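These features come from TrEMBL:
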DOMAIN    1-185  domain 'Myosin motor'
BINDING   Gly60, Glu61, Ser62, Gly63, Ala64, Gly65, Lys66, Thr67  ATP binding site
Amino acid sequence: GIVLVAINPYEQLPIYEQDVIYAYSGQNMGDMDPHIFAVAEEAYKQMARDEKNQSIIVSGESGAGKTVSAKYAMRFFATVGGSASETNIEAKVLASSPIMEAIGNAKTTRNDNSSRFGKYIQIGFDKRYHIIGANMRTYLLEKSRVVFQAEDERNYHIFYQLCASASLPEFKHFGLSKCFYVFAP
């Protein structure tokens, strides 16, 4: 298959805006510079032409920009699939991210919000190739961070968020006051 090597610039660049999506839409692979939108367009065209499911695998090290790349691919599909203004599918699919990040993210030496879970996002299209829905499945990675952290790292953010909330009345029955000393950074 097609392989795209991307580097996370750690800042917003104008290469992911709406006009760039339209520039890549309908183009053949190789006609334009390598880009996540080129990969998404190729998958979209093959889905429409061959009427077969397509997959885009986004892989990389902590902080490489995998989640952001997946968001850009979904934005591309939502725009070319006629769903960007109608349902804002990207926002709906990613609406669970803050909760999932609290439960599944940790601090590493290379990334303060490193994902400790994998995501499998399945986007459904109708016969006209418009997005009709999506499903996100997550699976936990690196369970060892629950009980062990390397120096200058910390375990899942949710532990710290719960302990920081231990004094709130609605959290009293959880018995969190003792955990604060165990999980405090």
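Glycine too: its Cβ is placed from the backbone N, Cα and C atoms.
Nobody curates TrEMBL annotations by hand; they come from automatic prediction.
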Neighbours of Gly60, Glu61, Ser62, Gly63, Ala64, Gly65, Lys66, Thr67 excl. site residues, C-beta within 8 Å of centre, ATP: Asn8, Asn111
Per-region confidence, the domain 'Myosin motor' (1-185) (mean pLDDT, whole number): 81
Least surrounded among the binding-site residues, given as Gly63, Gly65, when other CB atoms within 10 Å are counted: Gly63
